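A short write-up of the structure that comes next.
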Protein chains: 2
Amino acid sequence: MLENKNQSRTGIENLGEFGLIETLTKQVEINNDSTLLGIGDDAAIIHTKQPNVITTDMLVEGIHFDLSYVPLKHLGYKAIMVNLSDVYAMNAQASQVTVSIAVSNRFPLEALEELYQGIHLACKTYGVDLIGGDTTSSTSGLIISVTAIGHQEESKIVKRSGAHDGDLLVLTGDIGAAYMGLQILEREKAVFKANPNNQPDMEPYSYLLERQLKPEARKDIPLLLEQLDVVPTSMIDLSDGLSSEILHLSKNSDVGIKLYEEKIPLDPTVINVCEEFNLDSTTIALSGGEDYELLFTISQEDYPKIKANPNLTVIGHVVDKSFGNHLITRGGEQIEIKAMGWNSFQE
Amino acid sequence: MLENKNQSRTGIENLGEFGLIETLTKQVEINNDSTLLGIGDDAAIIHTKQPNVITTDMLVEGIHFDLSYVPLKHLGYKAIMVNLSDVYAMNAQASQVTVSIAVSNRFPLEALEELYQGIHLACKTYGVDLIGGDTTSSTSGLIISVTAIGHQEESKIVKRSGAHDGDLLVLTGDIGAAYMGLQILEREKAVFKANPNNQPDMEPYSYLLERQLKPEARKDIPLLLEQLDVVPTSMIDLSDGLSSEILHLSKNSDVGIKLYEEKIPLDPTVINVCEEFNLDSTTIALSGGEDYELLFTISQEDYPKIKANPNLTVIGHVVDKSFGNHLITRGGEQIEIKAMGWNSFQE
């Protein structure tokens, strides 16, 4: 019997824009009191007493993701995480998102439903309402544009610009894993191309793959800081790599930063896989990106409040601008920190 | 002497994402008190006492615009207009926008600067602050994703859902011109392909071309309604064509609508060019789209307040849902209104 290859492949051109939006958003629930009106009008309506923070990020197929190894559900989840991470980096709580997608006709409805499963799961898990968006055709590939909205008391919103000489530099979680996860995926893609019957054992790399494919934004950190009664003096999220983010903090705060190599928190898997790939793990930590951890500075007097916390590691401190930005190696050398982050325009 | 073809063509790959954003947004001014922090951090910060309305739209090259005849400056302007129009359709005033673009390396910096000139001009003209965005590479073409934010007292925000039996249906301005402008551009593109030396006289079509290439959103209408002391019972903007928008109002308000053909305001140029193209002008008005006028309903008791206003035309009225949605032709025939709007997924 011949297989029906069109099974469960519904052409989106027949649904139209409104039908498509209705199908993809029918399971949307509104859970925040601040959402007065969600999807279905010219605009959504929100109302919070506190100021709002607003951020937006775009993910482009072939630039930010490769559908040959990124499951669509994970992609939808990650598109939300990337944006929520920016909200948490303001020490705010996220409450709403809008999601716009441009997609070519080659994607059947079922593929978009998978993408939206990830979006809905992320919204539900993080207590965020999907309040709007746009759905349109593209001439090639998939583009996802998300805007996230959060809120916080004005005095507790943290910018990149408040770090002072003497402050401590603090990092959440560990870093480098997302980048090494990507290296594993790229390697296995190349192996698969050469031999499609190869069944790789991905088990040893599960932590790295999860960090790459299904990152979690640090919603818990603004809550933890509130509980510890700490308001950071500056904060940023790690999307492009530690060195690039340190330079942002230093530039925006007009200070210098000293980072200690021995303090950088790395998961043992990262160290092992770096050896396997013959890569220097500090370089990976500095330039890797996509970890979505938070990097912040606190005044020294707040140190006792955070020192016992397993989520937080002091990795350096703030110095006068004239000292510049340096990595202090395990051997005691000072190396100037330069931007090694990712540039999507370079090939 | 050979012409230097690389003159004033700066490759964006050398600037990097941050350099590019800095170059494109250096002239940004913050003019609204509600903008507490603009571009340059993980998120922008805004604060209004009134509720916010939030809307987002994406424009995709090859789907929504054709760079062979759309100047980039106009495109930037239009991308903002499309979004502000949705804010005004809530009877709100617009205050902030974010702009994300995905663009391939084939665009030199100068092209993006032109695009941003249009964006900045639109923001300045409409009193809106550009507070953030994302700039990334694309594998092909240009994609622009805009989110617009506005505000209004909760009791004056107008949804699509408040129309009642007996309300009057009111339209701002005139319609059909943007669609006919597109027909002119498409015709001239075809003529140009056949004979590149042809110099068409576009003068007679200037109104149509302006409506297509440089539409203006109706910022004045919420202000006018405030001045006239009228709060519409429902409202929507005309992006997809009158028939499609009437169906949205009727569906969301759970009512029927009667539209009178003889009342539909058409510019004389539209009527003339429809004859030239052998098209029925009522069909164009119903299904044309991209006029960015506002369509709203008011209770009959408000009629005296609006009747003398040259910006506003009563084109029909609201009836019970059981009557359905109909066009009453000049000959007195009743024709059911069906969606004839544009579907970007259909080829």
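Using N, Cα and C of the backbone, Cβ positions are placed for all residues, glycine too.
Note: TrEMBL annotation is automatic and uncurated.
The Mg(2+) 4 site recorded in TrEMBL includes B:Asp42, B:Thr55, and the single candidate from B:Asp66, B:Asp86, B:Asp129 that the record places there is B:Asp86. Taking 8 Å as the upper bound (exclusive) on CB-CB distance to chain A, the binding-site residues B:Asp57, B:Asp86, B:Gly133, B:Glu290 give B:Asp57, B:Asp86, B:Gly133 in sequence order.
Sorting the domain 'PurM-like N-terminal' (B:40-150) by DSSP state (H, G, I as helix; E, B as strand; all else coil) yields 35 helix, 43 strand, 33 coil.
Mean per-residue pLDDT, taken over the domain 'PurM-like N-terminal' (B:40-150), amounts to 95.
Nearest in space to B:His64 (substrate binding site), taking C-alpha to C-alpha distance over the binding-site residues B:Asp42, B:Gly133, B:Ser239, is B:Ser239. With respect to their backbone Cα atoms, B:Asp57 (Mg(2+) 1 binding site) and B:Asp86 (Mg(2+) 4 binding site) stand 9 Å from each other. Using CA atoms as reference points, the binding-site residues B:Asp42, B:Asp86, B:Asp240 were checked against B:Asp134 (Mg(2+) 1 binding site), and the closest is B:Asp42.
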